[in-house]
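Accompanying notes for the structure given below.
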Ligand code: NBP
């Protein structure tokens, strides 16, 4: 291919929905964009549909694609996460030189990103794993971007990413998160929080629908109203939209014709697996992932629906519960459970950062998640303020603002969990988050008994509250205690 007249500041490999929207976003913001897709049809489609909306340099081969990039070359990969990403990285690296930058904008597992960064670094190529949130709409109009990789590469990449990212109060929703896999780790936990956030909204809907007996359109109004206050967020906003949608074919609320089996692509599961390895309880995210799993276990549900005893169930009316108070209690239970999910997610990020020496600043996340991404919410400003006030706060829930909020929410939260239990309605995240909260508050946990059991069957020893050291009781002997 002959050298083009002008070179591209950025290239995009992989032109499915995310890649083509990202390429259009770069072009709309004045950049010349090199584009390449394995099957040429997608490249041709992009150029035929949007070629006149900006400067695109299409290529049919990776070699030609790399030749159209200005130095240091910057190429963003937007292909299916997994082996496809490795294949594309290697193809690009073969054509690139030292100092060039490969950015993986897909949803890669952060440990893959750590490995890839090391492999590329050995070749002198900068590898940046960048979490990109906001779905296809965000990619086109302004995503929240979480780039990891070498800080040095951000100097050349940062201004480009800032030009296409969402903006809140004039601040772009992108910043360098930390070395190697930090960006993808943070994006993974972001997605985990998203799972919990969606599930608590689902539990609130379920209670309003089946405990309070409200119709979807009525519940949509409740969510619209909630979106004016503390819960103001993208997910609450779209919930109202979904609930007010009527199915054109049947005239029923759309929600009633959608199969109640939730899909998942894996980032929620990864968040929980990583949390288990780090020893961080992310109960809200975990229950949300399990709830999706249970919803999709069709054969098991077909066998169990209507076929398991439920005990003496009752109704709101029989319990003399005021409907208006119940709706407000549900709002508060949702808010409290959501705060727990965020607090747990930030705990996991801190633990991941400590484990990998990433030095992630939680304030950055609270800032760049305010726009462009799926979990954007008004209360992220409060999270930033909490970390501004006390960067080392042991739990977000201890921040004076959130502690005050919890004081206002906790009674309602308990009432909702009790009522849901009496009514036989599942609230896995509401209930487990409350138990987590009470566990944090508890002066004594049953872990003392567990230590006793462990010592009994495995001589694992225990510590005493009244003196230092490890001890073992001779359980099968005379049951005296010996120091270990
Ligand atoms: P997909 O995840 O559906 O991937 C399709 C793209 O991957 C096509 O361009 C395809 O090329 C390319 N590809 C595959 Br598959 N195997 C390849 C290979 N061996 N070599 C080269 N190219 C290959 O696209 P998407 O939904 O646009 O998502 C792109 C990335 O962004 C993914 O990692 C995804 O997880 C992430 N992400 C998606 C969203 C979202 O809302 N969809 C949000 C945030 C992040 P072809 O046309 O030749 O088959």
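Any Cβ shown, glycine's included, is placed from N, Cα and C.
Per TrEMBL, the features are:
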type	residues	note
BINDING	14, 15, 16, 17, 18, 19, 37, 38, 39, 79, 80, 81, 107	NADP(+) binding site
BINDING	107, 133, 134, 135, 190, 191, 195, 265, 292, 454, 460	substrate binding site
DOMAIN	183-476	domain '6-phosphogluconate dehydrogenase C-terminal'
ACT_SITE	187	active site, proton acceptor
ACT_SITE	194	active site, proton donor
| query | Between residue 16 (NADP(+) binding site) and residue 134 (substrate binding site), how far is it from one CA atom to the other, in Å? | reply | 15
| message | Please identify, among the recorded positions 18, 37, 80, 187, the one with the smallest Cα-Cα distance to residue 460 (substrate binding site). | response | 187
| message | Out of the recorded positions I have (80, 194, 292), which ones have their Cβ sitting under 6 Å from ligand 1? | response | 80
| task | Quick one: of the recorded positions 187, 190, 194, 195, 292, which has its CA closest to the CA of residue 39 (NADP(+) binding site)? | result | 187
| field | Set of same-chain residues at least 6 away whose C-beta sits under 8 angstroms from the residue listed as 'active site, proton acceptor' | value | 107, 131, 132, 133, 146, 267
| field | Cα-Cα distance maximum in Å, computed over every pair in 107, 133, 134, 135, 190, 191, 195, 265, 292, 454, 460 that the record assigns to substrate | value | 49
| note | A correct count of other C-beta atoms within 10 Å of the C-beta of residue 80 (NADP(+) binding site) gives 12
| field | Cα distance (Å, whole number) from residue 134 (substrate binding site) to the residue listed as 'active site, proton donor' | value | 11
| request: Any same-chain residues 6+ apart from residue 195 (substrate binding site) with CB under 8 Å of its CB? Would you list them in sequence order, or say none? | output: 264, 268, 271, 285, 288, 289, 292
| Which whole-number value in Å describes the distance between the Cα atoms of residue 134 (substrate binding site) and residue 18 (NADP(+) binding site)? | 10
